[in-house]
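**Student:** Pulled from TrEMBL, these are the listed features:
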COMPBIAS  1-10  compositional bias 'Polar residues'
REGION    1-52  region 'Disordered'
COMPBIAS  11-50  compositional bias 'Low complexity'
TRANSMEM  182-199  transmembrane segment
TRANSMEM  219-239  transmembrane segment
TRANSMEM  251-271  transmembrane segment
TRANSMEM  277-295  transmembrane segment
TRANSMEM  316-333  transmembrane segment
């Protein structure tokens, strides 16, 4: 038996030093195909595994569209039947009891909230009397604005009184042009600051913060005017008119401020200056003629006096209120 032949050391070194052969293009393509097939098989196995686990995960959730054995009330073949739903609901005693309980509970909450508001805010705000200050119509609004813009033509400033037996009441604004209201002052206040914001936009200087600060300043000035009214009634020992009357009288100047703002935006110059001077005269005359009847007659409903009567302090107070309105007109206009 012949012994196996082994390569010599020189042949081994020669084979070792030779560079390895690069795989052919066909071999690379086969390797790529095998890799893609393996990736596809792996993805398919994961999908099958997820599909088998998904029903188990949602086993407790009713599938309306896939489970023909169950459908919500009124839902048949994927279509909602409102009549069937209403009939099922109306014939269900438990649903009727729940609905009745919910309505009663909501009514209880509403009554409790109303009682809380009446017991707390009612000490400071009379909602029943506040409603009367918005009892206006188109004719009253037109005539009242005309009275504010042209107060020099008005002759009678005394409020009209409704006599019912032993009780006398002032007529609401819609029946008396001299009655104070809150609709015109509120609308004029909002309109003025809307025009003010529009004017800032025309000058490319609009800023929400600046507009908000101006509105806040207007509200603060309005509150200070009411405080001035209160102090005047206290120091002159005169009958204090209702707070809503104070708000109304001190808010009519915004009608004239709107006129001033429109004149400034449309014309400017001499026209704007003339309108400002005219509005100053209007607000001064309007406040004097309105408050002299209210304050100098001691608020006597049965009095037919239309002239200046009363103490000297009250006369000065009426004049001071008119001056205050003029100052505020100047402050807002310039």
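Glycine is no exception: its Cβ is also placed from the backbone N, Cα and C atoms.
Describe the structural surroundings of these features, if you would.
**Tutor:** Counting only same-chain residues 6+ beyond the ends of the transmembrane segment (219-239), those with a CB under 8 A from a CB of the stretch are 189, 246-247, 250-251, 295, 298-299, 310-311, 313-314, 317, 320-321, 324, 328.
For the transmembrane segment (277-295), the list of distant contacts is 147-152, 154, 157-159, 178, 236, 238-239, 241, 245, 249, 252-253, 256-257, 259-260, 306, 308, 310, 314-315, 317-319, 321-323, 325-326, 329-330, 333: same-chain residues at least six beyond its ends, Cβ to Cβ under 8 Å.
Remote same-chain residues near the transmembrane segment (316-333) are listed as 192, 221, 225, 228-229, 232, 235-236, 238, 250, 253, 256-257, 260, 264, 276, 279-280, 283-285, 287-288, 291-292, 295-296 (criterion: CB distance under 8 Å, separation of at least six residues from the stretch ends).
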**Student:** So which residues does the transmembrane segment (182-199) touch in its own chain, when a touch means Cβ under 8 Å and the partner is 6 or more beyond its ends?
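**Tutor:** Same-chain contacts beyond the ends: 130, 133-134, 136, 141, 144-145, 173, 206, 211, 214-215, 218, 222, 244, 247-248, 250-252, 254-255, 257-258, 261-262, 264-265, 332.
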